[in-house]
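Residues or ranges marked as N-linked glycosylation site by Swiss-Prot: ASN143, ASN208, ASN350, ASN365. What Swiss-Prot lists as phosphoserine is SER91. The region 'Disordered' annotation in Swiss-Prot covers 283-307. What Swiss-Prot records for 1-19 is signal peptide, and it gives sequence analysis as the kind of evidence.
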Amino acid sequence: MIPGNRMLMVVLLCQVLLGGASHASLIPETGKKKVAEIQGHAGGRRSGQSHELLRDFEATLLQMFGLRRRPQPSKSAVIPDYMRDLYRLQSGEEEEEQIHSTGLEYPERPASRANTVRSFHHEEHLENIPGTSENSAFRFLFNLSSIPENEVISSAELRLFREQVDQGPDWERGFHRINIYEVMKPPAEVVPGHLITRLLDTRLVHHNVTRWETFDVSPAVLRWTREKQPNYGLAIEVTHLHQTRTHQGQHVRISRSLPQGSGNWAQLRPLLVTFGHDGRGHALTRRRRAKRSPKHHSQRARKKNKNCRRHSLYVDFSDVGWNDWIVAPPGYQAFYCHGDCPFPLADHLNSTNHAIVQTLVNSVNSSIPKACCVPTELSAISMLYLDEYDKVVLKNYQEMVVEGCGCR
């Protein structure tokens, strides 16, 4: 992965090429005059060269993000609420208590082994199984071809929304069972009305609750991705001991044609979620909202301090035209390191022994450069975005935020 400080330099260069008022959000006050000088010297040559360089920088950033090309999301693309909630929990924007009312539980175990979460909606035109038996059954096909070859899937879950049943005198005491199967053979190769399947997960649920149900479908998804076995989809079966066939399955949102209507179908349709790791960086670890510590130094004192320290640098994705496919965050505080490393180096400058020796030699021999002010600690950010295939991705990117600076 490209180091974080190189990424920040690329973003800064992109802003120089774009010009205009966008510098206010990305370049600190001390650098604006230099940017203006660069633009002035460039003159007429800037027009043609800037677009070519911008394409190169954009390609570098997209490669760092693991994308083959710049996403061009369609107007029909839907961001599942589940993925938005996962982002807010994982990034620390909201605590679990604030979002618990939605019924979402953070998937600690799957996320602990993954740095990428992807969501997939099913192909609607393949959902009906002809000639099914007495129970309500549907087949779903999920296209997982957008998962990169280098991403190893560790687990997968199928999320189904079910609504409270209030039909009949005994509905409060009623239960129904939801069975999830992997389809082992396509319908065309078997006797009509029968599918060759294997059971993946099952659950007995109560009628009088409206909520999302999560089922483990990892064995099927691992066969499709790791073992490269054919993907014939999943079958969902809903049964009830005391319910007629007419009403079976109507409380589980697995079809657009339900009596409840299709206005909110986009957010309530079945969702397949995969957890994977591309071998780069750490897994999705939840970040708690940091408490701000009181500032002990006045702004005037900070301006006088020219020693190595961290400075503010806000990266706004709208400045590079990426806000159409990056869902969250709209930008982030990247910070940068700048300042002197004077002799003698103070303890708070977080110096190495080599930097101390180099600074000592510089004090008597100016041909030896001073130690440099560089990032000594970097942290990750989480990004929620639409990829090239209109699939929603939550990914952890390492070395994106400067946490500490020092003389090295």
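Glycine is treated like the rest: Cβ placed from N, Cα and C.
Following the DSSP three-state reduction, the secondary structure of the residue listed as 'phosphoserine' is helix.
Each of the glycosylation sites ASN143, ASN208 was scored by the number of other CB atoms within 10 A of its CB, and the lowest score belongs to ASN208. Each of the recorded positions SER91, ASN350, ASN365 was assessed for Cβ neighbours inside 10 Å, and the highest tally belongs to SER91. DSSP assigns ASN143 (N-linked glycosylation site) to coil, not to a helix or a strand.
Here the C-alpha separation of the residue listed as 'phosphoserine' and ASN365 (N-linked glycosylation site) works out to 48 Å. When the glycosylation sites ASN143, ASN208, ASN365 are compared by Cα distance to ASN350 (N-linked glycosylation site), the shortest distance belongs to ASN365.
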